[in-house]
Amino acid sequence: MQNHIKNETVITTVNATIDPKDDYDPQVHIKNETVISTATATIGLKDDYDPHMHRNVKNPTNNWQTFAHFLKASIGTGVLAMPSAFAHAGYVNGLVFTVIIGLLALYCLHILIDCMYILCKRQRVPYVSFSEAMKLGLQQGPPCLRCLAPIAAPFVDGFLAFYHFGICCVYVVFIAESIKQLVDEYLVEWDVRLHMCLLIVPLLLIFSIRNLKLLAPFSSAANLLLFVGFGIVLYYILVDLPPISERDAFVHYSKLPTFFGTVLFALEAVGVILAIEENMATPRAYVQPCGIMNWGMSIVLSLYVFLGFFGYWKYGAEAKGSVTLNIPQTEILAQVVKIFFAITTYISYALQGYVTAHILWTKYLSKRIENTKKHAFYELCFRALIVLLTFGCAIAIPDLSLFLSLVGSFCLSVLGLIFPALLQICVQYETGYGPAGYRLLVNLLLLLFGIFGGVVGTYVSIVDIIKSFSGQLA
């Protein structure tokens with residue numbers, strides 16, 4: 001093994017770190033990282049240490065279970081909002097920009113997981129989380145960025161927890177809206193907020209499941225219902241399509257930020273995608289050219305483009321925050337599909353909320369509890385608190401489309417575009433950015449795109465929410 005060490009004074013430290021005779025405990029993860037020396041950062045990746053071989057995962061998922069989780073995490077209420085997103089872009093802009101944003105999101109996921117793997121090799125540990133990777137990357141990156149390393153981990157964890165918390169809020173609104181339409185048809189008309197309150201106990205029950213392997217059968221069943229539901233929705237969409245000339249190919253650019261936020265929200269659940277990769281029995285299969293992530297994203301992107309285009313063609317500017325709210329309320333088949341999507345979203349609530357609960361509990365709260373025998377009880381209480389908070393936020397902003405755009409613009413532009421680009425800039429600082437520094441140029445463009453889209457999209461979403469509240473108060 002060739003170690004490219006420039007600073008001779010640290011040879012002893014480096015050899016002590018990479019000596020293959022050392023006793024290595026694969027269960028030790030990074031908790032209190034120290035600043036990485038230049039020598040360690042410049043060790044070539046020819047080191048035979050493979051982090052995947054040293055992972056010790058409790059209750060790992062196989063490839064099919066992981067694939068089911070990936071589809072369920074990526075196909076949620078966001079796909080049902082695609083016709084509404086196209087209404088803010090036009091069908092030509094919608095087609096082009098959805099594909100571009102989808103490919104950018106996939107590329108950023110690849111560079112994120114690749115950088116995490118590189119850092120694992122350098123540190124000789126089986127796994128580093130997203131937040132730990134950002135901290136280590138900044139420590140090894142350009143000197144002007146190293147001062148940000150101490151705040152990187154809580155900053156990333158905060159964004160991840162808030163984003164998936166926001167998804168859960170959207171899910172509460174969606175389930176309540178779906179149930180309201182059915183109850184209004186057969187029983188009595190209630191305010192949607194009352195339906196939200198009735199969901200508290202069922203969501204408390206499924207959110208008490210703390211194991212991804214136990215959630216896998218639920219994800220598989222939800223995926224089956226999901227694709228059957230899509231078939232029914234497409235039946236309603238494709239019948240009696242109006243002339244395409246009645247729809248706008250392009251719309252005013254002022255509406256594009258809302259489109260940007262909705263599509264980002266729909267396409268990427270970065271926290272769950274990383275969590276299910278961490279929990280795999282064979283993580284190498286996740287990022288291979290024909291691996292789980294590429295196949296999964298191909299299916300997801302195709303479905304989103306198809307439903308967005310034809311949904312907008314059918315309903316135009318009248319497309320609602322969920323296309324299921326556009327289909328007839330009185331027909332039995334339409335009511336069945338709403339039940340299907342309500343069930344799948346109910347299951348997704350546990351999957352998305354897992355990220356928020358896992359980050360906040362394992363990294364920040366559990367260590368503060370001295371009585372380890374009551375850890376499980378306190379964790380369940382904490383999960384119950386998360387459920388109640390999502391209900392509070394959902395009741396405050398019950399407009400589904402506005403919530404989608406705000407969460408997507410604010411969080412996904414940072415988590416899905418800005419952080420991965422910044423991480424690769426830091427990780428490859430010592431080893432170089434390829435011929436003519438092309439990787440640096442690509443990452444700088446991603447940073448600019450993420451910052452612009454995030455700032456503008458968040459501003460527009462907040463303005464729309466204020467207008468919505470003003471209209472309700474008036």
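Glycine is no exception: its Cβ is also placed from the backbone N, Cα and C atoms.
Taken straight from TrEMBL:
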type	residues	note
DOMAIN	61-462	domain 'Amino acid transporter transmembrane'
TRANSMEM	70-89	transmembrane segment
TRANSMEM	95-119	transmembrane segment
TRANSMEM	155-176	transmembrane segment
TRANSMEM	192-209	transmembrane segment
TRANSMEM	221-238	transmembrane segment
TRANSMEM	258-276	transmembrane segment
TRANSMEM	292-312	transmembrane segment
TRANSMEM	332-355	transmembrane segment
TRANSMEM	376-397	transmembrane segment
TRANSMEM	403-423	transmembrane segment
TRANSMEM	444-466	transmembrane segment
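Contact between the transmembrane segment (70-89) and the transmembrane segment (332-355) is present: at least three CB pairs lie under 8 Å, with pairs separated by 6 or more positions in sequence. The stretches the transmembrane segment (292-312) and the transmembrane segment (258-276) are in mutual contact, each linked to the other by at least three Cβ pairs under 8 Å (pairs 6 or more apart in sequence).
Stretch with the most C-beta contacts under 8 angstroms to the transmembrane segment (95-119), considering only 155-176, 258-276, 444-466: 258-276. For the transmembrane segment (258-276), the residues of the chain that approach it from at least six positions outside its boundaries are 61, 66, 69-70, 73-74, 76, 78-79, 81-82, 84-86, 88-89, 93-94, 97-98, 101-102, 105, 109, 112-113, 129-130, 160, 163-164, 167, 170, 212, 293, 300-301, 304, 351-352, 354-356, 358-359, 401, 404-410, 412-413, 415-416, 453, 456-458, 460-461, 464, judged by C-beta separation under 8 angstroms. Tertiary neighbourhood of the transmembrane segment (155-176): same-chain residues 76-77, 80, 130-131, 134, 192-193, 195-196, 199, 203, 265, 269-272, 322, 341-342, 345-346, 348-349, 352-356, 359-360, 363-364, 386, 389-391, 393-394, 397-400, 403-404, 406-407, 411-412, 414-415, 419, selected by CB-CB distance under 8 Å and a gap of 6+ residues from either end.
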